[in-house]
């Protein structure tokens, strides 16, 4: 073995005085010198460092020496660096020199180093770094340390195939004192603060050696027993560690299979839309489906509240890439498409990854895609939820949504995305591709050749890029297998984008249709980092490998989906060189292109070397065995082919470019084999110049193993393959990935261990978890050290550098946190900490996934008859070799079991479950120059057979096969005990299971047990003379795996597959003792999988015993078959089978329900058979199932021997058979109770009984429950959280009532008058309760958030070593912060009056459950359990058959098991009925008549059933034979209907006990469709001890809205409960006290009747006890309160997906009791009629629009328009104030708006026909918003809109006193200003501003209006009517308008007079004067010549 030695002598010419230290680095491995202390200018180091090297020293490798000034406290400062190229050393082998260092700026400094270097080849055979080489074993200490990692320090992980035969000691690694290497990796020194994070690149922390020893002591297990890793001990004793016994092998691809999804979107409203007076419509688009809301006229804040549902059935990947697009369109109608205001885009995956898969009540920001400079175009408020099958969504309660949320805090963005997103350009550069497959047939090629005369490449590729719903395409390169594009596709999108993936697809352009050649997804989360040290998305330039279908071209490719990126590709298709970059745009720059259209531009070429230096790789594979080959393949000869990229692919790999340009020698071109020969690199030509790749094994005939499988007879001779290929050398990427993967694997294994320990209830899970965390932190720091060396490597892309930095940061912090959490792990919080560790695991897996590909994956194909049959795909990183152990792939140089599967869709479903073949395969991939030890991982004892063709001189040619001359003989014992919960494979709902065990080339079967899902085979299978090749010790460490397949035997045809599991045996070598702790092995549960779904568990143990020289006699003896009946079947031996003890199982037989027909005949005389572990009991026969389906004998029992260990208890089978005539029995259905634990009887402990006999206990009851009528809750002020309760007794309250009327509260708000009792109804109670529900939910959220915050603080604190007090401070500060937030919100609320109940009138409340009642009370199975009976074949998920379809009925009863003998006390108790066993005090099960009263309150979020996206729902109620249809009362076009109905049905239990409440959709024609239904089992409720017959109210009153509903008064209920529970009481005492058992309760004793008279009563007291019943000892439990439950509606056609929810409750009253009162009136509230009178007095400062014809003056013809419900319905206009020159207008005009209003919901109710074709009116609810607009009237053109204001009548700003004070601030700062509600104020007058938006979307003031609002009720309006406009009655006076306000063509004279007199008087005088002058001048000129002549002539 070669090594390099460096002798570092001195460093000279140092400056100053101090401690110095040097770091010497070669091939990425650094050594640190010791610290030379206090040296002045020379530091004498005099140390020798040695590197064992595995490959020859290359002339251009570097040695680097760095000298540091060392500091204990601060980070070390670099003095300088010395680098030298080792060319001379490589040639001469020895060199001494002194040279100067260079500093950071690459300038030479005086300091120098003196070194001597030797390079020598030593003898030694090992090529790995062996540990001892660089870890000196310490001389000074010989103690052994237990360390909590697997042997992380020994460099070999368990099971790597190279560790020595290990005894107990071996598995607790000895902790050697680290020399310089490993410990610097463990970085135990200082925890770096973030200050020097940026230096992390240069210098790992270095420790003083003494410091290290102390640390090591601390880590070692002397102090803390916990540090002994449980894994290291139990791995040897109990075999808990999963890795050994339960290999985790996933068989079936899960992606690519379509699933049901439902996306529901509610568009609630929009705000701040940019534009004037618009008519907005919202369009919701998902993929290609579009849906529109209705149009709202003339408003910038439309309210829609419309619900849309989209259903999809697609694979998850396709679903999550779909884009949800919300766009607002202005004035769209049938003829025109309207103009786009703005859009918002997000992919479905983003929604799905939200908590609860939804956004609720969030505001989406709209932006304009055509103008990216524009900014925000408005907001749309919506709910978006994505539901997959089986997801249930918790929707917050939809009551009265009045919490007007501010926009900024509730934007529709995932957590962590900034509010202000910026526009960015995404550049996807496409350079070139290579290795494309043929996309045309050869016939076509020949035709073309005949025409054109030359060979053409058969593919015309182009690249299509899709991102955020947009597509871009490059140009088409005609006929080219190696197209070069050099183009970039540019997308413009907001950053960070809400779309996760860019899809890049190479397509083949074709005249008919283009097909995909291959697809690659770029996940933006993986190529960017949003942290504060993060980076923008960047990628490459890098090659992306594309995989898809096989490369033969067929016209109809069955695997085309694979090329589209769905499912796992089965073959290499091509690779594409691309890069991605993002640039944030500065939208202010003028030359910016403002559109977001996709651009395609050309880019410059990229150099060959940009993606890395091309290197030669060598891939070697050896097939050690090929078994379990599917018999269907036929017995043609079989061979295996291995390919990497197109190398090695002989059938369809090489598409040679036709253009015969010869490439350079190291080109990427996949040349033909013949060319490969001349293609190897020069420097190796001497060694293997003639190396031809051998990529497939020789064909071989398969041999039969058993009925299902063949195997290939590879006994001694194992075939090998090897391939040379050329790729860019980007191994670093894979190395980093591998390191993280290995840490993650170890972590996952540890986590599974911990879970297993918890599940099997073994001791000390917390110890194992600490060990896991320890391993994690060590692994992380090791990663940081190893990755550090490659920080400044050349030839890397930006992403490589950034990823490395962020991975190092993440790993470093993860290591710190792990250390941290480790100190916090305590027994009681293991589960919570385990969650955190799970998060680490996910993060690690995410980090390890490298987004830039390098070497393509390796495919192994099984070929038969030159056809590809089945394949396996191995990621190349898993088999990549590195000289550093951590970086090596996890399967490199290891023998691994590989299962081949069918390609593509063939692999779905049953076909995919059969194993096509199981290979034991050895793979090695690495650089050709590192090829030396490619065989080192194989089992030893073989000879290499070289190819005969090769010239014999070459020693380095890889072998074509290996011949083993060492073999070991074993005996395998498979102890097959039992299986449980198997898959039902027969129509009877049972199976006839048997198991088949495969090991190596052998297989054996257990016996077949018929008709069971829980077979107990209790059988030992012995495999004799199993031959395994290789050394014994290696086999012991990593035995081959055992495959167990379980089948269902059918009488005809082939056995049907049930499932499969894998196991590893425990091995005993012949020199080991057969005894504890490892032998005999323990039974363990193995999960059985059928595809991806669990199909049961197998309880078994496996041992592999070596047969030595003595033959089988040395093995532990086998007992013969004991059971004579079973024939020669060996039972599981005693030491292994569980220890049994005697149990008694009592069965309560109650009845059977809902039995379906069997073979078309009805079940008439059923019987139940119970069986457990071979014993059982039968119920009595039910004589007539229709008449009475209950059993006459209730309790029976049987005794059985069961294992002591509860986890090993066999399942209990319940079967129902129907007894037909002539003694025939037919199986109806069966149920297997897989775990009996919940039925184990525990004696009531003595303590609680003593406690019951102790003295009396006074129960503390809050006064709140008692007199609640008069409580007032006073909020002191908005910021304080204090709530003062004033509890008044009745007398006081009367006195105070009179004074209280007008008392001022402290807050200064006038106190509301007491809520009038008569006003309250059931709905008041309901809404008050919903408020309470919301508050409790909020409080829970807040508490949870606070707890999380506290935990984060703690972790942060411990990381930074803060003391506890600081922590408290911090915590309280955080609290204050959150309080401030809250209080500011409160302030706002208080200010805007939105806290609608400042004085909360106490309303009695009920409980609103946001789920089904039974989920709150354990399904009401307190003593009566329901077991579903199954029959028929279980469906697999692809067939969409749900288990519900298999349910054929239900068995009601219960079980109770206990160990014998049972203690005397129980049976001696008074009134013990021996016939009933443990089921004492159970009611009789005779039929009973019951009145069932069903209240349906309302339904929410119904699935639309009509084309218009709405439904017309009505309720149908079925119970037994009776059905109530409420069809005539359907509610038109509503998805959130309020029913408010009650239905009475009489029923007889047990015959009619299943209540179905369905919601149907009414249709005018055709049948009505079911929207959804819910089923309630009334019987369990009726008999439950929680008393679910009629909920107990919080208060007892005899009249009013809260009247007591139960026919029994509280005192009667209490008396009955006490009697049934055999407890003492109730004793009513004086002073409002009552005693029950030994509890004393207090309460009021008076009640008021309708007439206000007081009576004495005990009911309040009794009720107090009932509400606190859970505090009564022994029998106490929470009684069901008065409630409303929310139940999901399901539709059998869409299984698993909610179709809406229904709120309801059920009361039941036995008919033999007094009849109940009338049903409570829950009819929906009728809206109250109001009239709003608005007087428009004046306007002012209205902007002037028109120019005057004559004078050009600005003026406006002003009028005001207003409406309340909608422009169409009730808009009203004032008259026009013409010709206003100042913007002032006078109107004195009255609008009158009548409307119907629901106070509780704050909505106006409108009923109108939706369109002229509508059958009936639809009810709409809209918020009460008054819109006032100011317009400029034009006669000949459309009026001009000037401005508007919208006032929400519940909260709008108070008007200003004068026009001057009225400003824009009233709108702008709406949130801060105090607001008023017209419903409280009744009358308001003031000035409000009109606003509009200018061109830049800024708000501007366009006028002011003085208005008066007056709200009157309908009755008041009738008493004092008013006229519209200025009409009678109560007319307004005419406005006093200036003279200018008239129309000129109506009174022309007036106009002329006005023009003449007022405006133009002086002008006219001037004009007249001028005219006179002109006339005079004219006359002068006219007469002048005449006069002149006259004068001249003297006439």
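Using the three backbone atoms N, Cα and C, a Cβ is placed for every residue, glycine included.
A TrEMBL annotation is a machine prediction, not a hand-curated record.
In TrEMBL this protein carries:
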DOMAIN    1-99  domain 'C2'
DOMAIN    243-364  domain 'C2'
DOMAIN    403-538  domain 'C2'
DOMAIN    954-1079  domain 'C2'
DOMAIN    1126-1252  domain 'C2'
DOMAIN    1473-1591  domain 'C2'
DOMAIN    1712-1863  domain 'C2'
REGION    651-699  region 'Disordered'
REGION    1287-1314  region 'Disordered'
REGION    1373-1397  region 'Disordered'
TRANSMEM  1962-1982  transmembrane segment
Answer yes if the domain 'C2' (1473-1591) and the domain 'C2' (403-538) have at least three CB pairs under 8 Å among residue pairs 6 or more apart in sequence, and no otherwise.
no
Model confidence over the domain 'C2' (1-99), averaged pLDDT:
85
Candidate ranges 1-99, 403-538, 954-1079 - greatest C-beta contact count to the domain 'C2' (1126-1252) (under 8 angstroms):
954-1079
Helix, strand and coil residues within the domain 'C2' (1126-1252) as assigned by DSSP:
17 helix, 55 strand, 55 coil
On the DSSP side of things, how many residues of the domain 'C2' (1473-1591) fall into helix, strand and coil, could you say?
12 helix, 53 strand, 54 coil
DSSP on the domain 'C2' (1-99): how many residues come out helix, how many strand, how many coil?
6 helix, 63 strand, 30 coil
In the domain 'C2' (403-538), how many residues does DSSP put in helix, strand and coil?
14 helix, 57 strand, 65 coil
